[in-house]
Amino acid sequence: MAEAHQAVAFQFTVTPEGVDFRLSREALKHIYLSGINSWKKRLIRIKNGILRGVYPGSPTSWLVVVMATVGSSYCNVDISLGLVGCIQRCLPRGCGPYQTPQTQALLSMAIFSTGVWATGIFFFRQTLKLLLSYHGWMFEMHGKTSHLTRIWAYLESVRPLLDDEEYYRMEMLAKEFKEKTAPRLQKYLVLKSWWATNYVSDWWEEYIYLRGRSPLMVNSNYYVMDLVLIRNTDVQAARLGNIIHAMILYRRKLDREEIKPVMALGIVPMCSYQMERMFNTTRIPGKETDTLQHLLDSRHVAVYHKGRFFKLWLYEGSRLLQPQDLQMQFQRILDDPSPPQPGEEKLAALTAGGRVEWAQARQAFFSSGKNKAALEAIERAAFFVALDEESYWYDPEDEASLSLYGKALLHGNCYNRWFDKSFTLISFKNGQLGLNAEHAWADAPIIGHLWEFVLGTDSFHLGYTETGHCLGKPNPALAPPMRLQWDIPKQCQAVIESSYQVAKALADDVELYCFQFLPFGKGLIKRCRTSPDAFVQIALQLAHFRDRGKFCLTYEASMTRMFREGRTETVRSCTSESAAFVQAMMEGSHVKADLRDLFQKASKKHQNMYRLAMTGAGIDRHLFCLYLVSKYLGVSSPFLAEVLSEPWRLSTSQIPQSQIRMFDPDQHPNHLGAGGGFGPVADDGYGVSYMIAGENTIFFHVSSKFSSSETNAQRFGNHIRQALLDIADLFQVPKADS
């Protein structure tokens, strides 16, 4: 039982002669190596902190300045204009060996050089800050834009949704707000912008995410798919070994600040703040508001399989386990025949149900004893791993397979995902993977960055044997994963079952339709001289009008990470220009040239709105903050109340790809992920995510609710297909007409 000895640091026995300690040298060795590893991380963080603090300077540049000053002095050239002499006269006099005139002269030159170096850094940083604050470059290459206030921009965005009478009423409310209430509220936001790093993000995280009391599953969490056109291995444990090893390599790079920032259009770096909470983070339920618990480090993952929870160590001492070791450990879990303990199987349903019920149960049943210890093992894990017994994959010959795969990732069976963790890595029996991510800590492009690195490392750097196993031989002496022990009383089991029933009803109500659009991708769209995102968004407007016979308030997420700690802003995709194009298409009497002209106007409008959102000139986040200030002050605003109560019946998001160039997509065209998706925001609305995955394909994920008689995800998906084809047809003009 070598594993048992390694798991216990020391034992003791009380004898008549006293207390007899029996120390385990192997365990103490691991503790020592673990401490060394922790100190290495601290030293790396200290070094990075120093280098970051003097950026764009460096120790080398400081040495160059000192050498230039000293060299000029020996050449009898005083580049300090007498400042070195002044510094030398101010130094204290003494008789020690370090108080000779030569030493004082060198010290004075070092002080002068340090001052020049620090001054240069200060001016360089201020100049860089001004340059990065300039966002005009996004507009200059596409012409000028109008300078509308956010309030009037809002009115413009709702014009196609309102008749003349409703629009006039909103116009009067906006005018009253602008003249009476807005100036006072704005002053508080200006004050916050001076004091806080970002005047939006902390309130957005708290009030939009953490204060939400409805279930996270479907309503907030989202999913990410694996590569769908290739399979590296069918061995479940082997795939996990490579993937989890790659994830911890990514975390190591993150800790050492070695990950390059993503560049907006290849020009301006975007803020990487959200990445800090990617690992070792859990959402803790509260009765009124949740909190995010983030640890600096975690050396294990929590694993769920067949109703049992396990704790699996990622390190042996200070050494990261290799893929073959991780494969062996996961295989041990898969082969473990032990049954679940009473109440253990559906325990994770607590994270899928209402937040208040989970908070009360956590306080009542998990605040002491073995339940507290087991729960802490999950919440303090680097991330959560779910080993499913079912197999899901995308079969291009069976379109429904992609939707079933998406449903499994979105909610599973409602108790085999820990929805509170920053992300759950989901492993199916056939080696296919996916992620379910909690939304409060970061937005989808952040988890997408990790996923691209992991999939690229798995495919092109780690590899597998011919039989699909990890390369190398494992260490059989490793202690096996540890079963977590629970003591769940009947009252708690009743709460678990209640949460499960709530989650199951929610999951059963979700209709998800995922499909691959094959007729064309961004290649043809670019030949239409428009942005791929604008092309798809206008197609969604046409599809929605055909589906519902009317326009609706449309949400598209845009990143604001060109600002420090920026998250997202809303692009209101339903514009007067897109509405004019859709109506012309529906009339069917316009020639292609006129329709192309209307489409180009709508496209340019959308691109301009997207750039405004990215550069901080959007509408919704600012109005959201004004609304919060009004609530703090007890000020009533009919305009803000109406703006914040409008439902988003069409919520959309484009999934980014190729944030990291791990491989050449032209040489490996089948290494395509299908993106991911989310649940509908409104009960009678649609959620649509899409990924323009290459020159010739687009993946769509459309969600709605069965309980709504007005929506049907598959019907809407078919309308999207047809809208894309109809718009593309406008640009395939015969030469005689051109």
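Just so it is clear, glycine is given a Cβ too, placed from its N, Cα and C backbone atoms.
Database features (TrEMBL):
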- 1-47: domain 'Carnitine O-palmitoyltransferase N-terminal' (DOMAIN)
- 62-84: transmembrane segment (TRANSMEM)
- 105-124: transmembrane segment (TRANSMEM)
- 153-722: domain 'Choline/carnitine acyltransferase' (DOMAIN)
- HIS439: active site, proton acceptor (ACT_SITE)
For the residue listed as 'active site, proton acceptor', the nonlocal same-chain Cβ neighbours (under 8 Å, six or more residues apart) come out as TYR209, LEU216, SER220, ASN221, TYR222
For the transmembrane segment (62-84), the distant same-chain contacts (Cβ-Cβ under 8 Å, at least six residues beyond its ends) come to 54, 105-106, 108-110, 112-114, 116-117
Taken over the domain 'Choline/carnitine acyltransferase' (153-722), the predicted model's pLDDT averages 93
